[in-house]
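*Asks:* Structure in structure tokens, see below.
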Amino acid sequence: MSSGANGNSKSLAYDIKFTKLFINGEFVDSISGSTFETIDPATEEVLATVAEGREEDVDLAVKAAREAFDNGPWPRLSGEARRKILLKFADLIEENADEIATLEVIDTGKPFQIARYVENSWTSETFRYFAGAADKIRGATLKMSSDFQAYTLREPIGVVGHIIPWNAPAYLFAMKVAPALAAGCTVVIKPAENTPLVGLFMAYLSKLAGVPDGVINVVNGFGSTAGAAVSSHMDIDAVTFTGSTKVGRTIMQAAAASNLKPVSLELGGKSPFIVFDDADIEKAAEIAVLGVLSNKGELCVAGSRVFVHEGIYDAFVKKLEATVKNWATGDRFDAATRHGPQNNKQQYEKVLSYIELGKKEGATLVTGGKPFGNKGYYIEPTLFTNVTDEMTIAKEEIFGPVIMVLKFKTIEEVIRRANATTYGLAAGIMTKNIDIANTVTRSIRAGSVWVNCYLALDRDTPFGGYKMSGFGREQGLEALEHYLQVKTVTTPIYNSPWL
């Protein structure tokens with residue numbers, strides 16, 4: 001692969017403006033002066049040297065957020081006032097869409113078409129959605145069975161820590177920050193160390209939008225230091241995390257050991273995509289590929305276990321192979337490209353090791369399975385067939401461009417096998433039979449089930465997992481619940497003039 005084919009010239013030409021921490025409305029160096037490098041996954045070259053926040057920097061950010069919450073205007077503004085600022089924030093995201101998308105491309109490796117025309121739209125619209133909720137947070141009046149009356153207040157929980165992963169930094173920033181701000185909370189954000197650039201640019205836009213100082217704070221750094229400080233901080237009132245189940249467990253332990261702060265977790269997945277024998281084979285193959293190869297397979301919801309009815313297995317595999325081979329890999333800034341490099345070297349090597357393990361355990365490698373080009377963390381879109389449930393690639397989350405096909409006979413069998421996982425994030429069903437669709441939908445233990453589609457996400461649809469895929473919901477009005485507390489106010493009604 002030539003340098004032009006992997007986006008090298010575009011990466012080097014881009015001027016990265018923000019590399020420091022963002023605390024109390026200002027870009028500042030870390031207290032220790034420590035820095036780290038962020039790498040372009042397409043070129044393996046350094047994009048920028050970024051300030052490295054540690055425990056003392058997190059503490060400074062929390063103090064700013066606490067002051068902004070306890071004594072600042074944000075939680076005391078009317079919902080209408082917060083709405084206007086969040087709408088301005090959304091407008092600025094839209095106006096700076098090219099710059100945000102470029103940062104996302106060079107920091108994550110995803111194709112520009114996805115970053116610019118899919119995820120950037122989701123990001124701005126998520127802020128608009130929760131802006132619309134800011135002035136609609138209300139309590140209830142309660143009629144008690146005694147000489148008292150009561151009503152409830154739904155109040156912001158306080159300072160929230162957000163730990164954001166590297167696969168979709170702009171969109172996940174919006175998913176976490178927008179509802180927290182709409183509720184009246186202040187936030188401390190720890191972006192992934194592999195993708196710090198988007199969060200810093202979003203912090204800059206928040207200042208332009210009129211978000212008061214201290215309401216949004218961004219501390220770049222590593223999970224073992226900055227992330228651990230967020231999850232264990234005694235003055236953070238709640239925390240959210242998207243990432244691996246292993247790290248999610250660590251965050252829960254830290255939250256419990258500190259101040260028992262509530263935690264919302266969106267964790268790993270090994271989602272089933274079930275194709276019944278009445279499905280449109282061509283459409284099912286297209287959706288199956290979309291459900292795994294989108295974002296280079298770096299999707300928590302990837303429907304990577306593709307269960308196919310034995311009656312259409314051979315025909316489906318043939319169509320699936322052709323679809324995978326047509327998934328264009330190359331220059332991330334080329335409009336035709338659908339597949340870029342894995343985000344980082346560690347993930348690249350992990351995916352390749354799973355591919356080798358799949359071959360060793362007896363799965364049939366149909367296409368792909370090798371590095372692509374001579375530079376960058378590119379892996380060919382990969383398809384395995386003759387996969388069985390006990391194989392490691394069928395049980396563990398790979399988080400890469402690897403599709404595996406498994407054969408089934410009956411609806412009862414496939415439901416049992418689909419549920420035979422510690423995860424429960426999502427599932428897909430392809431069938432023309434409404435009875436089959438309803439039966440499987442109600443039997444699958446997963447937070448999202450897509451029928452005759454996949455990845456059909458929307459601002460109004462709650463998203464989250466069952467089992468070890470986590471708990472709590474993002475998107476939809478349900479997302480607000482993690483950022484609000486209910487207070488009950490009770491008063492006597494003796495001698496009231498209306499009695």
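Note: Cβ is positioned from N, Cα and C throughout, glycine not excepted.
This is the feature table in Swiss-Prot:
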type     : residues                                                      : note
BINDING  : 164-167, 190-193, 223-224, 243-248, 266-268, 346-350, 397-399 : NAD(+) binding site
SITE     : Asn167                                                        : site 'Transition state stabilizer'
ACT_SITE : Glu266                                                        : active site, proton acceptor
ACT_SITE : Cys300                                                        : active site, nucleophile
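Give me the lay of the land around each of these features.
*Replies:* Its Cβ taken as reference, Glu266 (NAD(+) binding site) is surrounded by 27 other Cβ atoms within 10 Å in the chains shown. Classification of Glu266 (NAD(+) binding site) by DSSP places it within a strand.
With a cut-off of 8 Å between CB atoms and residues at least 6 apart in sequence, the same chain places Thr108, Asn295, Glu298, Leu299, Cys300, Asn343, Phe399 near Asn167 (site 'Transition state stabilizer'), listed in sequence order. Mapped onto three states, the DSSP output places Asn167 (site 'Transition state stabilizer') in coil.
In the structure as shown, the Cβ atom of Cys300 (active site, nucleophile) sits within 10 Å of 25 other Cβ atoms.
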*Asks:* I want to check the contact list for Gly223 (NAD(+) binding site): same chain, sequence separation of six or more, C-beta distance under 8 angstroms. What comes out?
*Replies:* Ile163, Lys190, Glu193, Val247
*Asks:* Could you say which of the binding-site residues Ile164, Thr245 has its Cβ with the most other Cβ atoms inside 10 Å?
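*Replies:* Counting every other Cβ within 10 Å of each candidate, the maximum falls on Ile164.
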*Asks:* Just checking, which of Lys190, Gln347 (binding-site residues) has the fewest C-beta atoms within 10 Å of its C-beta?
*Replies:* Gln347
*Asks:* For Glu397 (NAD(+) binding site), what residues in its own chain, 6 or more apart in sequence, show a Cβ-Cβ distance under 8 Å?
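*Replies:* In sequence order, Ser244, Gly268, Gly269, Lys270, Cys300, Tyr423 meet the Cβ cut-off.
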